[in-house]
Amino acid sequence: MLPVPLTIYLLWSYQDYRDRLLNSISQRLNLDLDEDSIFYKLGSSGLITFSDYIFLLTVLSTSRRHFEIAFRMFDLNGDGDVDCEEFEKVAALIRQQSSIGSRHRDHANTGNTFKGINSALTTYFFGPQLNQKLTIEKFLDFQHQLQKEILSLEFQRKQPDENGRITEADFAELLLAYAGYPAKKKARMLKRVKKTFRDHGVGITKDDYLKFFHFLNNINDVDTALTFYHIAGASIDQPTLRHVARTVAHVDLSPHVINVVFTIFDENMDGQLSNREFVAVMKNRLLRGLEKPKDTGFVKLMYSLIKCARDTKPAILDF
Ligand SMILES: [Ca+2]
Ligand SMILES: [Ca+2]
């Protein structure tokens, strides 16, 4: 099989990955990106393993706050840094719990040694000798860069015009990419967007796009915030969505973006988004196809962290 760039992995859904690449534990990175790119840094570090891939996929769809909690969990001795040994211990624990991890252990028995490979990720985090410490700043910066680069690549694939804008329909396609809708329903939603903005579309900038996905990464906190407003499960109108984005995710979504989002998701056209129309779907999309937590220990872990964080500290108070 030809080497596949890491970026392509991440643009695939989990299902694609599993279908195409389950039998190949690691792939050479093969990238042509500028030196500042996180992929360049990862690529010069060696191999991307399957557990790296699962980890990166999870990193992509986790809010900064939950990522901070995950870091504290990796720090077993509580000294504020994570060393390679701590990282490996937690990673091994995760692999034990995960059915994919178990399958890979089976591979290890048949000669494909899984343990002991210096993966691109461990080398990036801990240096070539694996003796450096990982700080919370480096961990968070890594997440920020990875999210920004992947989202930029996704945006770029829609070929923005000379003003750097993609059409409302392109934006809708990106949003619906991993939402798991039946093809018929997806087509109906896209048709609605095309029709609404056919004659007076103004397009979506990359900044709009990045902001909106930052908002989506906080969708679990948004859901919690709506609980605090005593309107969980109830419908929200455009000003409420804008307000919640500002107070919970700290992003200022433009009225145009919000209008497009309502056009996409307001199935019954009552001017309101119900929980079922929007929040529930977007929580699912966040997982990029990783909807079976039993397959992936790390995702299961993030789920329990998110639940734990929700129980102890309401997002709306998190300023
Ligand atoms: Ca430590
Ligand atoms: Ca509605």
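In case you wondered, yes, glycine gets a Cβ from its N, Cα and C as well.
TrEMBL labels come from automatic prediction, so no person has curated them.
The annotation domain 'EF-hand' is assigned in TrEMBL to 62-97, 253-288.
Predicted-model confidence for the domain 'EF-hand' (62-97) is 80, expressed as mean pLDDT.
In terms of DSSP secondary structure, the domain 'EF-hand' (62-97) contains 25 helix, 1 strand, 10 coil.
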